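**Student:** Found this in TrEMBL, in case it helps:
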type	residues	note
TRANSMEM	32-53	transmembrane segment
TRANSMEM	74-93	transmembrane segment
TRANSMEM	113-134	transmembrane segment
TRANSMEM	171-193	transmembrane segment
TRANSMEM	200-218	transmembrane segment
TRANSMEM	230-253	transmembrane segment
TRANSMEM	316-336	transmembrane segment
TRANSMEM	342-366	transmembrane segment
TRANSMEM	387-409	transmembrane segment
TRANSMEM	421-437	transmembrane segment
Amino acid sequence: MAVPERTLGALKLHVRESLIARTVQLPIQTFIHTQGVSSAFLLAAAVIALAWANSPWREAYFHAWHIEVSLSGLKLPIHAWINDAMMALFFFLVGMEIKQELVSGELRDLRRAALPVCGGLGGMIAPALIFALLNHGRPGAHGWGVPMATDIAFSLGVLTLIKGVPPELKIFLLSLAIADDIGAIGVIAIFYTSHLHLESLLIAALILVVILLCRRIGLGRQILYAALGFAFWLAVLRSGIHATIAGVILGFLMPVKAGISSADFSEIGSEMMTDLRSAQSSGDTARVHRILGAMEYLLTKTEAPADRITRKLHDWIAFLVLPLFALSNAGVTFSLSTLGTILHSSICWGVLLGLIVGKPLGILSVSWLATRAGLARLPASISWTQIAGVGVLAGIGFTVSLFISALAFDDPLQLDAAKTAILLASLIAGIVGFFLLKRAVPSDNPTSSTH
């Protein structure tokens, strides 16, 4: 992901007057928005977690996440603050991303969306079935949702390492991963929800109505929506539904279209500039400030609220929230006894085979059936071998798979088995997918993206 154009434009002006902006801010922004850097941070956090959990200081690792912290009268362990609160921000971004795809992206056109949606559906059903078959009648059978997810950041990160990838293939993977996200969110909300508390649910619904009313009457204060959003998250947390669902719902409520187009702003702004020059010539300071205020208001309307919030939150999510999540969730202690137990666990094999076999099998087979049935069309620039390669990459479950495993398993040994399988499957899927696509994609592809 490149530096957002608005951020880059502001920085290029700022560097003219600030040494810090020139020598620190601009280079840092350029670096952190380089493709793959955020994935590298996430991978590093997972490696640190594994090293820490298998070091002489392993007890400190597991103890640290259970230290209770109180904020605004709410007392939770650090692990819960990360998984329930900070990850709600991640799912807030996911909610906005899904809405953008549905409103103005690839998923808005049913014909164009059919292939990735069908592929995503197959990529969820096949892994879940493999897990269910291997764990039928066993204590860990309820973990079938773990191998259903795809990690967008890692899978796209691996894909961008390959030269000559057709843009349509990247769009297919992104749309497929978003379809996966929709499925994973539904699974979390429906199947991994504890006992519901009606009173808290009613409070959450009331807060949601207030948010919608505020939007309807045009209240635009960010602090108001932040306060209402926190109250809504708290009510959902206490209702029994997983708190990250609050983030998804709030993300869906964000407007993804700008209030005024850049063309309209240019036309209105031109008239305002004429008025501004006239006011300056006449020395009417009050009128000058009124016009500047109007221009400032119009300028903010040229950016969709979802885009503005994404710009502000993206770096914090990518470089703080997700690495912290990986650090606190990826740690598994290995010993000869536990490793033997894990490798003989049906949970481990269910997740492992679900991700590295079920994902490509489901994506490829259902996509092929959809094209044969006339429900979808394979773009001319994409081959079935490339679809198979993307299917393998989709087996990188990592973030969301780790998240669902924490919801599915209370038993530490079962959780360790699932985590081990997720980490191993993500590694295998990344390596195999990379080499498969490297062979399937011509390096001199004229339609390849240069980004």
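Every residue, even glycine, has its Cβ placed from backbone N, Cα and C.
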**Student:** If we skip the immediate neighbours and take only residues 6+ beyond the ends of the transmembrane segment (421-437), which ones have a Cβ under 8 Å from one of its Cβ atoms?
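**Tutor:** Result: 46, 50, 146-147, 151, 154-155, 158-159, 161-162, 165, 330, 332, 347-352, 354-356, 359, 385-386, 388-390, 392-398, 401-402, 405.
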**Student:** Does the transmembrane segment (342-366) reach the transmembrane segment (113-134), going by 3 or more CB pairs under 8 Å (6 or more apart in sequence)?
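**Tutor:** Output yes: the transmembrane segment (342-366) sits against the transmembrane segment (113-134).
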**Student:** Taking residues 6+ outside the transmembrane segment (230-253), which of them lie with a CB under 8 Å of any CB in it?
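**Tutor:** Residues packing against the transmembrane segment (230-253) from afar: 74, 84-85, 87-99, 185, 188-189, 192-197, 200-201, 203-204, 207-208, 211-212, 215, 306, 403, 407.
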**Student:** Count the Cβ pairs between the transmembrane segment (171-193) and the transmembrane segment (387-409) that lie under 8 angstroms and are 6 or more residues apart in sequence, then report whether there are at least 3.
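**Tutor:** Stretch pair touches.
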**Student:** Cβ under 8 Å to the transmembrane segment (74-93), counting only same-chain residues 6 or more beyond its ends: which ones?
**Tutor:** 64-68, 185, 233-234, 237, 242-248, 250-251, 310, 313-314, 316-317, 320-322, 324-325, 328-329, 403, 406
